[in-house]
Amino acid sequence: MGEKMAEEEFPNTTHESFNVTLHTALVVTTKLVLPTPGKPILPVQTGEQAQQEEQSSGMTIFFSLLVLAICIILVHLLIRYRLHFLPESVAVVSLGILMGAVIKIIEFKKLANWKEEEMFRPNMFFLLLLPPIIFESGYSLHKGNFFQNIGSITLFAVFGTAISAFVVGGGIYFLGQADVISKLNMTDSFAFGSLISAVDPVATIAIFNALHVDPVLNMLVFGESILNDAVSIVLTNTAEGLTRKNMSDVSGWQTFLQALDYFLKMFFGSAALGTLTGLISALVLKHIDLRKTPSLEFGMMIIFAYLPYGLAEGISLSGIMAILFSGIVMSHYTHHNLSPVTQILMQQTLRTVAFLCETCVFAFLGLSIFSFPHKFEISFVIWCIVLVLFGRAVNIFPLSYLLNFFRDHKITPKMMFIMWFSGLRGAIPYALSLHLDLEPMEKRQLIGTTTIVIVLFTILLLGGSTMPLIRLMDIEDAKARRRNKKDVNLSKTEKMGNTVESEHLSELTEEEYEAHYIRRQDLKGFMWLDAKYLNPFFTRRLTQEDLHHGRIQMKTLTNKWYEEVRQGPSGSEDDEQELL
């Protein structure tokens, strides 16, 4: 009927031409009104499949908790029997290797099959384990010598890591082209160079603390390692982004510019997002006084701690970089707006969670010796170790000499050597190697196996020889040397449980803050700007009444805890005297 009406309106139009015109109009209209396809919805598992997935996840959680429990018992035995000379990370990795061997024997005897449970999942690492570790690292950087050395730390962490990545990646690429080792293309070589440049000197920092080495050396190594992790992850993501694109028609210079553009956007965008989130948390907890309800205050801190990670990942930025800068800012500003109870609670909770996450990662690193499908190539491993050590040297020594032109506290040649030697590799390179989407599978296995070997080599060999090297080079403090001849404690956990960092507790009133910071004449640059303007704007200065209330609150909680201990079923006068 519509066609007849149209013929009446257009009598000179033939039937066939009208159909063609109508068809064309319908096609054009359809193209215009079709909505833009949205993101694909992931399939939801139901029925028996969902039940099997739930059972598998439950067994994975059970296995992970069992491994953690065994590792905690091991750390307890190290502390109880005063085996302080052995770093906990080395002990946990060794235990993981032993557990992996036992599981492999059980599977060989066909007594059980735990292959799926013992496999390390990179998504679990990046979503659950790594964020608390990185946030706690940033949150612990509250001491003034970090900000006094922020320029040197940033230079080592950003430019030094990039230099190391280019040296290792370029070396692997050109050695492959010369048929010395297995061939990798440029982007894969740079991805491996980036991931293997992430340093994790856990054992070295424990030795530094035990021997009381130069605090500047301690902070340079510690601060660089924290920022370095985030930079290494961003560099690896940059290489992966180039791999996904079709770069066959793009010149090398254009590839470099695209990689630089992507890195700068990821780095500065993520850092800005984390910094902004930390500053917002400071203002929120400054103007919304939750100090009289520590549970709500603590809950708000936990939300702000994980918030930048989820937001950054959701908008295609680096969640690790965002959560790191958020932790640094929240430690410097937000922490001082909390009640004393929440301040202590945050310290201990973050330390405990980070310890559990680190322990889990190191244990699975040892388990991977037997659970991961390997491809071992001796020439590839040896050349990679040589390039890693050389890349670290090209990073540390030239930049240190450059920085000495601008530093009052010079970086001595001994300190440079220790910084080079302390470039241990840890959990992050291992997880990144499993996260790489490389084809074919043999290439992925080669990268994973080589990464595991390098991590174990640096942790067991370099980490185990750091203490005698420091004493041989006479780096430790003279007073500490006499004290440490009898007992050297490398237990990070024991020190973590025995101390509450009182310098991180905010107990300065308005008058005390002004006398302690603002009137000082030696503050320069950012330290002066922070003390004069930023800190007063983002933090709440305590009144005498606030200080009195906080001390009463702490005393009340302590007395309540002591009363509960006294009323316990096993309480006795001898126990009370020992406790006192």
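Cβ atoms here come from the backbone N, Cα and C positions, even for glycine.
Automatic prediction, not curation, is the source of TrEMBL annotations.
Record features (TrEMBL):
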DOMAIN    70-470  domain 'Cation/H+ exchanger transmembrane'
TRANSMEM  61-79  transmembrane segment
TRANSMEM  85-103  transmembrane segment
TRANSMEM  124-141  transmembrane segment
TRANSMEM  153-176  transmembrane segment
TRANSMEM  188-211  transmembrane segment
TRANSMEM  262-285  transmembrane segment
TRANSMEM  315-333  transmembrane segment
TRANSMEM  353-372  transmembrane segment
TRANSMEM  378-403  transmembrane segment
TRANSMEM  415-432  transmembrane segment
TRANSMEM  452-473  transmembrane segment
The transmembrane segment (315-333) in contact with the transmembrane segment (262-285), cutoff 8 A, at least 3 CB pairs, sep 6+: yes
Tertiary contacts of the transmembrane segment (378-403), as residues 6+ beyond its ends and Cβ separation under 8 Å: 151-152, 155-156, 159-161, 163-165, 167-168, 171-172, 175, 180-182, 193, 196-197, 411, 415-416, 419-420, 423, 425, 446, 449-450, 453-454, 457
Remote residues contacting the transmembrane segment (153-176) - C-beta distance under 8 A, at least 6 residues beyond either end: 146, 182-186, 189-194, 196-198, 219-220, 223-224, 226-228, 231-232, 235, 267, 383-384, 387-388, 390-392, 394-396, 399, 402-403
Long-range neighbours of the transmembrane segment (124-141), counting only residues six or more past its ends (CB under 8 A): 223, 226, 229-230, 305-306, 309, 319-320, 323-328, 330-331, 335, 346, 350-351, 353-354, 357-358, 360-361, 427-428, 431, 435
